[in-house]
Amino acid sequence: MKFPKLRKRTVYWAVLTVFALFTIHFVFQYKEHNSHRVQPIVLIPKAFPSLILNSFDTQNEELVPIKLLKNCQIIRSYHTGYEENTKLLGQEPQSNFHKFNFTVFSSMKPIGLDLKQCQLLSSSSQVEVNDAVNMDASLHDILGKLLQDIRHGKLEYLQEIAPFFLPELQLQLNLNIVDRFWYRFSGSSIWLDQYNMYFMISRIAYSPHGVKNQPVVSLTYGQLFDRNWNEVKNINLLVPSNDPSKNGGHDSFRIISFPYFLPIPFWHDIDNTDGNYFGPEDPRLILVRNKQGYEEPLLIFNSYHRKFVHYDDDEDSIMGQTVKFQRSMFMCWPWQYQMGKSNVEGTSNPEYDNKVYNRVIELKVKLLADMKSQKNWTPFISEDSTNKFDSYIYFVYRWANLDVLKCSLLGDVAGDCVFDYRLDETLVPQNKVGPLRGGTQLVNLRQVIPRSVYHRLLPSHREIFIGFARTHLDNCGCGKVMYRPNLVILVKDAADKTYYKISHISSSLSFDVPIIGWNVYKPDDLCFDSNVLIPYSVSNWNITSLELDIEGGRWVSNDQLTLTLSISDSTVHRLDIRGLFQSILDLADRSLFIPVDRETRVIDEFQNGLQNPGSNPLNQDVNSLGVNNDNIVCALDASVEFCFEYGAKFSIPKQEEFYEVEQQEFNEELIDPKKHQYFKILGKYLYDHASVNS
C-alpha cells in the first residue's frame, strides 16, 4: 500500500525538479537574451536641458517621458561616438557632377510685356548637377508593416483609416502587386540640425482601380535619413511637443518612433469615395522656430474637408446652417498634437473626440473664404521680426501679378492670413493663379549666408528668398500637360511700406533628369497623357566658403544645394546642385547685392532711400525697379518653347487616344496578368459576397 504512495511522491518530486530546472534555464536564457538585446535608441536635441536628462527626476514626468528614456540608449546628435556606436552613418556617396546651363530672366529693364524684347532680360547661367538618385522605398514592406500594426490594434489612427483599403490590401500583398495600387511621391525633406538628421515626408496614395491620378485616400509617411542619405530605421526622436489634453498649452517632450505614418486628421466618408480624394495632398515641409526657442518642422498641405456654415434666413429671421465642402490649405505641426478633429469635421464627433491627432489649423483668408479649392501656396519665413521666434509664415499665393500672404502661427489667430503685398490691387483675388505655381519652399538667404558676411552683401532692410516654382503647361507639345521646375528669386524690400518683386526667374529646368512615361506599362512613351517633373523641397543648402576677391571685384563661393523631386507622380528623387549661389552672385544685372567696389556708398544711399519715403524710388516708379510681370511672361514663353522642343524630340508618332478610366483599367488588365487575377478574385470572393449580404 505504501509503494503506490511512494511512487506518487517520486513522480511529484520529479515533475517539480524538471519544472525548477526549466524555470532556471528559462531565466538564464532570458537574461542572456537581454544582455545581447540592443536597447532602443533615442536621439535627443542638442539644446535639450542636461539637468533634466542627468537627474531623471520623476517629478519631471509631465515634461519628459522619463520612464521610457530609462529603458533606452540615449544619444545626443553630436555625440563623439555616435557614428561608431550606432553605425548609422554610411560613407560619403560618390557622385558624378556635370555642367548644366540655363536661362534666367531679370526684371530691371521694363519691356511692357513685349515678348519680342525678352532677350533684353535674359542671361545665361551655369551650375553643376549630379545624377538624380531614386530614394526608393519598398511599398510592400511599408504596407506589410501597416497591415501588421492594424491587426495588432496599434494606433487608433490606423484603425480609423483601415476601411479604405481592407481587406483588399492583404490580397495585394499576397499577389505582390501593391505597387499597382499604391504610389509614393511628393517627397519633401528638411535638415534637422538639432539631430543631424534629414526629416522626410512623402505622400502615399491609394487607388482601388490602380489609376494613380484618382486616389481615394492619401497618407503622409515620415522617415529619417543621416547626413549621407542612408535611411535610419527603428530609431526614436525626443522632440519638443505639447500636451493635447491641456488644450496644447503645456510644454513637454515626446518620443516619436521612425518610420511612421503621421496621424494627420482629415474628414472622410468611406461610403462615398466616388470623385472624392481624402487626406493630405501636396505636403511641403519648412522649418520654424517656436516660442521655446526650438526649431521644429511645419507641414503645409491641402485637404478636402467639411464645414458647417451659418446663414441668415430672411423669411423667419432665424440663423440657419448648411454644410459646405471645400479643399483648403492647412498647417500641421508633426511634433504637436490635438484631441479630436472637429476643426476638419466641421463639428464635434464622439467617435473621434478622444483620439489623438497631429495638430492642424486651416489657413484662412477672408477675401478667399468662398473659394471651393485652395492649393499650391509657396511657403517662406521672413526674419523681419525682432522676436527670437517665428510669429508668421508667408506664402506666395500668386506668382504672375504677385500676391503674398502673411499668416499667423501663434495664439487664437493662428491660421488667419492677410495680404502682405499685392502687385495689382484691382485684381480679383479669386482669379486663377496661372501656370506658375507651387513648388518648393523658399529659402531665406539670411539662413544660408554666414552672419559675419551677410551685412556686406545686403542692406539690413532687404531679404532675398530662393526656391523652385513649377510650371503647369497644358497641350504645349508633349501630351496633355507638362510640369517642370523654374528657379525663382523673390526680393523683399522694406520702405515706407513692404515691397516684393520677382527679381529673376528661369525657364523650365530639366536638370538632365531622365523622365519615365506616365503609363507604367509604357515607360518610354514620354508624351502620353502627362510629362511630370515636380520640385518639392530644398532639403539643405550649405555654403562651405564665401570670400571677397577684391582684385576681381566679385564674391567667390562654394556651395551645394539638395533638391527633392518627383517623376510622373511615382518616385521620390533627390538631386545635388553645386554653384547655385555663385551663379546668383554672378547674375548679369548685378541688382541683388551691394557692388564690391562701391560698398559703403551704396549702403548709405539705399538706407537713406528706405528711411525717406519722399526720396524712395519705389514710390516714384515701381516699374523701373522691376515690380512688373515682364520676366514672368518671358520665362513662361521660354517654358512653352522648351515643351514644344521636348515633344518634337520624344513624342512617339501615333494617334492620340486618352481613355476613360474603365477603358484604361481594361487595357492594363490585359497587359498585367496579376492585376487581372486580382480583380477576378475580388469579383468572385469579395464584391459578389458583399452584394449578397448588402
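Backbone N, Cα and C atoms are what each Cβ position is placed from, and that goes for glycine too.
Annotated features, as they stand in Swiss-Prot:
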CARBOHYD  ASN101  N-linked glycosylation site
CARBOHYD  ASN542  N-linked glycosylation site
TOPO_DOM  1-11  topological domain 'Cytoplasmic'
TOPO_DOM  30-694  topological domain 'Extracellular'
TRANSMEM  12-29  transmembrane segment
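Distance noted between the C-alpha atoms of ASN542 (N-linked glycosylation site) and ASN101 (N-linked glycosylation site) is 21 Å. Comparing the glycosylation sites ASN101, ASN542 by how many other C-beta atoms lie within 10 angstroms of each C-beta, the top residue is ASN542. Computed over the topological domain 'Cytoplasmic' (1-11), the whole-number mean pLDDT of the model equals 43.
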